[in-house]
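Asks: What Swiss-Prot shows for this protein is this:
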BINDING   22, 79, 119, 453  (6S)-5-formyl-5,6,7,8-tetrahydrofolate binding site
BINDING   225, 244, 246, 249  K(+) binding site
BINDING   225-230, 244-250, 269-272, 334-337  GTP binding site
BINDING   229, 250  Mg(2+) binding site
DOMAIN    215-376  domain 'TrmE-type G'
């Protein structure tokens, strides 16, 4: 861990009413004496002059001093809050750098110091960047929940449960004559099942949190001329795709990134799916399936003039059967302006079915509400925590090891192998909060932060 004293502008670059310079490290007191002529009282706002090396006043403002470890970074921290002109702030940083042993902070280094000094865990540190980058009230609320430790709490509980079960299993192994009895008495199995269930709940919440942060990838798929491109245009609010009566007009993947009440949505229009000998169209269809396989949701577009069916298994069983097992599907019966169908939503065998006219826009607003709901939008802002893709991957790894451990227990009564799978699950979960994390990962995470955070 670095022992350097670092300085950076904590407010956004440019012109503003107030500009803040932040200093963290052992030399913060030296900076106070050099720039202010005195050390401000801890946690008191001190209005004073900021002076250069010859004693001339650079600016006037508020100085705040926080004595470590009772500060954001866990070190001595000095904040100089002056006027927000960039020239003035640059002059002030230059003055601070004249004090021996001070250097400019790297992006995210203040938060990294807080993490290293156990003031934050890794999910809380990441939540700072997510709160700054939030594009909706829901994302901001969820990021704040993570910053306050809600996600960390769930992960710590899982780690503790896995660790305790692992210790119990290893204790059973220490008594080989009784190991089979320990493993078959149901106590270990019940504890393992409870952990798997809890992890599944956390995974679902994290998946929702990831969608709130990163957006939901929605693929519009169906047969040619079902109205996929018209729906893309209707959702995007502009003519993004060429629309004609000729089947197969769209031959490549088209993407639009929009926000629904601040919630990011990535919409992808794909080539119509059908058997074809056209080489270019075949490539487009292959790309369409690649997008479908990595989607968060599929909007299955159906030309309502060609069938009265609402169950997707009746409409196109081969398509539905080829979809990934856990991929959510919303059925869109298009061309309601021609069929005269009521513009309503129904549930059919577990599938949401919407009747719309992509051409006229009828029913599209209701579909947008549906998509917002899938992304976790809540008007009362009572949401969960925010999560990143790396969190989902770590949870998936942990879940995989727990399932393997379950197999070792149920099929083979193999205590040593179960203990090893529990250990691997524990490591995967601990990576989320940074308890066991490589330096390379830490560098990648904090380098994406703003300078001054």
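Yeah, the Cβs are placed from backbone N, Cα and C, and that goes for glycine too.
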Asks: Please determine which of the binding-site residues listed here (22, 119, 228) has the lowest count of neighbouring CB atoms within 10 Å.
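Replies: Relative to the other binding-site residues in 22, 119, 228, 119 has the fewest Cβ atoms within 10 Å.
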Asks: Roughly how many Å separate the Cα of residue 79 ((6S)-5-formyl-5,6,7,8-tetrahydrofolate binding site) from that of residue 271 (GTP binding site), to the nearest whole number?
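Replies: One finds 56 Å between the Cα atoms of these residues.
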Asks: Among the binding-site residues listed here, 225, 229, whose Cβ has the fewest other Cβ atoms inside 10 Å?
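Replies: Counting other Cβ atoms within 10 Å of each of the binding-site residues 225, 229, the minimum falls on 225.
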Asks: Rounded to an integer, what is the Cα-Cα distance in Å between residue 22 ((6S)-5-formyl-5,6,7,8-tetrahydrofolate binding site) and residue 229 (Mg(2+) binding site)?
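Replies: Per the Cα atoms, residue 22 ((6S)-5-formyl-5,6,7,8-tetrahydrofolate binding site) and residue 229 (Mg(2+) binding site) stand 51 Å apart.
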Asks: Cα distance, residue 225 (K(+) binding site) to residue 271 (GTP binding site), nearest Å?
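Replies: On Cα coordinates alone, these residues lie 10 Å apart.
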Asks: Compute the C-alpha separation of residue 225 (K(+) binding site) from residue 335 (GTP binding site), stating it in Å without decimals.
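Replies: That comes out at 11 Å between the alpha carbons.
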Asks: Reduce the DSSP letter at residue 79 ((6S)-5-formyl-5,6,7,8-tetrahydrofolate binding site) to three states and note it down.
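Replies: Assignment for residue 79 ((6S)-5-formyl-5,6,7,8-tetrahydrofolate binding site) reads strand.
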Asks: Round to a whole number and give the Cα-to-Cα distance in Å for the pair residue 229 (Mg(2+) binding site) and residue 119 ((6S)-5-formyl-5,6,7,8-tetrahydrofolate binding site).
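Replies: Here the two Cα atoms lie 50 Å apart.
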Asks: Taking only the Cα atoms, work out how far residue 335 (GTP binding site) lies from residue 119 ((6S)-5-formyl-5,6,7,8-tetrahydrofolate binding site), in Å, as a whole number.
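Replies: A Cα-Cα distance of 57 Å.
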